[in-house]
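S.K.: Dropping a structure here in structure tokens format, bear with me for questions.
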2 protein chains.
Amino acid sequence: MTADPRYGLHRHVSLPGPLALDSGAALTPVEFGYETYGSLNTDKSNAILICHALTGDQYVASDHPLTGKPGWWTRMVGPGKPIDTERYFVICSNVIGSCLGSSGPSSINPATGRAWAMDFPVLTIRDMVRAQAMLLDHLGVERLKAVVGGSMGGMQALSWAATFPDRIGAVVVIASTAKHSAQNIAFHEVGRQAIMADPNWRGGDYYGDGEAPAAGLAVARMAAHITYLSEAGLTEKFGRRLQERDAKTFGFDADFQVESYLRHQGLSFTGRFDANAYLYITRAMDYFDLAEEHGGMLANAFRATDARFCVVSFDTDWLYPTRESRAVVRALNAAAKHVSFVELSSPFGHDAFLLESPELNAVVDGFLKVEG
Amino acid sequence: MTADPRYGLHRHVSLPGPLALDSGAALTPVEFGYETYGSLNTDKSNAILICHALTGDQYVASDHPLTGKPGWWTRMVGPGKPIDTERYFVICSNVIGSCLGSSGPSSINPATGRAWAMDFPVLTIRDMVRAQAMLLDHLGVERLKAVVGGSMGGMQALSWAATFPDRIGAVVVIASTAKHSAQNIAFHEVGRQAIMADPNWRGGDYYGDGEAPAAGLAVARMAAHITYLSEAGLTEKFGRRLQERDAKTFGFDADFQVESYLRHQGLSFTGRFDANAYLYITRAMDYFDLAEEHGGMLANAFRATDARFCVVSFDTDWLYPTRESRAVVRALNAAAKHVSFVELSSPFGHDAFLLESPELNAVVDGFLKVEG
């Protein structure tokens, strides 16, 4: 272990489980790829769990081992940052179902000695959270100071409050929702169909020869990527500007900058992500409906916890618009919980939570410091 | 020819051209699949041209020969309807670039005796309009009482006003725009990439053996279809309702109704549309920027015409939102033209122009009768 809190520890553990899943299946073993930053204090009261988004990973503040790029939330996590690795013991674990070291379709099925592929059990957000709790047990963390997440990470944070109400002191939910809407499901379904239409997908059994359904995955990523950006943001960034050649080609190359940007987003994604993992994680998100898990009333999901909540939305986020955050806030109010809510202004749509946002940093910083 | 004005005439003509295109290429011959309804009066003053949308066709008020379904705008076009086939001579022509009888990538390249495929020249909206004017010459129609179109049809209607300012008396533009935005281009690019990623696409040369890139085209259609519906409309129509089996399957079948609806939309589309035509027409739409064709000032596009304009938008249309229609109206005002504008309320998003809308019918009816 390095003592330098700026660097995560590329950690991996395989726990025997079994982990009981919402589908009725049981997962064993349960593998975790995870990073920790900072140190657990003596009374074990300074642990913060960060939950990542659909295509995120545990490298929240560490260089990504495949791309070499800096962590995806170094603006928020690090020494002196709102999630201060010199004060807090920060944990970020690859969700189960994913492909960066935690159990997922690309990991080994002990029953066959080969990759699970589509024999991997279908998961829910709650299953991901139960797995995280298992990891915390292993790490000796009984109670979290806070659980923090944006987008799918926010769904996990909400599910934490509902599933382990006594194990959390605070919940930060950013650019997220308590349920996936019909439009959310529709976009994900397009992505899944793009992957499964790729002949290289072969029912998910593509791990043997390295010919993965990259073309389908790239299309899935492109479609999803549009939903992460606002129309105004796209217009500001690209408008109708052409590529360098400065004239229409009257062909089918990427004439517009926005086209080549999207193609790049699609292609670069295939180098770091597994297509089957994309199927499993989008499915878990589409299944997510926290109210449904609690008798159809969202407030019921929160009654058992004493955690404080901080809910943040962005005004140009059309994937999980502010009204979805307001629905969470109303439910928390109905359950008489401590909740602060803010809608921040940003031109960048859903992706705003990952980008430079002094206001977001101030909100998270202030909220976490209240309990000090 | 049948005398019954309720039925269109499945007409086809091949004109020698050549048609000079914006790309610099020339198209010859220029084939037209088109329908006419009603009769041209003796002073040839009652012709109305209807321009169809991306995946529309000439069967505006006639049964579709492939699907057997009624025409796509029978609510608007027919005896006693706002576009009254007992009063007007109604023409609807398949746009060039498409696949229902007009010249397009699936029609025969006379130089080779085989389908054009990707050797077909890339088109613009203005090229489609120039071709329509060539057809009108052939039909002996010098001047249109009106040109009417929704979505891409509205782009053609605007282009008519700019390209043939003396040949039109009125212009009806519904749920449309004077330029494709970065987000519009992005969604189309996803569709094109889905088609071109399908191994059956083979650079567009798939006509020989009947193995068309149906899977890619279906994904393209699914992605586009989401943009035709409002989030609220999708929620109202499907919400998170499950298929009949009434429980999650924890698999990758279509669990949610919105999934099976989208899959059906994608699959059924491939039976009536050519993938290369989809590439060409989306390209033409993405190239569309009427201001750019007129020195960067949209008002300049309209200065030469004396036509009256009627511009209609729908409040839940996020593909071509009301602000795009307002931009057209402002330009028309700047050019001192007669223009009436209305934003209609509908839960159905962009597709509203094709659905039951008494308000839309009343607007079009009243606007066309003014000159009556």
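These residue numbers are counts, starting from 1, taken along the chain as shown.
The backbone N, Cα and C atoms fix where each Cβ goes, glycine too.
I grabbed these lines from TrEMBL:
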- A:Ser151: active site, nucleophile (ACT_SITE)
- A:Asp317: active site (ACT_SITE)
- A:His350: active site (ACT_SITE)
- A:Arg221, A:Asp351: substrate binding site (BINDING)
- A:46-355: domain 'AB hydrolase-1' (DOMAIN)
S.K.: Averaged across the domain 'AB hydrolase-1' (A:46-355), what pLDDT does the model get? Just tell me the whole number, please.
M.R.: 96
S.K.: Long-range neighbours only, meaning 6 or more apart in sequence with Cβ under 8 Å: which ones does A:Asp317 (active site) have?
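M.R.: Listed in sequence order, they are A:Ala175, A:Ser230, A:Gly349, A:His350, A:Ala352.
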S.K.: Hey, does DSSP put A:His350 (active site) in a helix, a strand, or just coil?
M.R.: helix
S.K.: So for A:Asp351 (substrate binding site), how many other CB atoms are inside 10 Å of its CB?
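M.R.: That number is 22.
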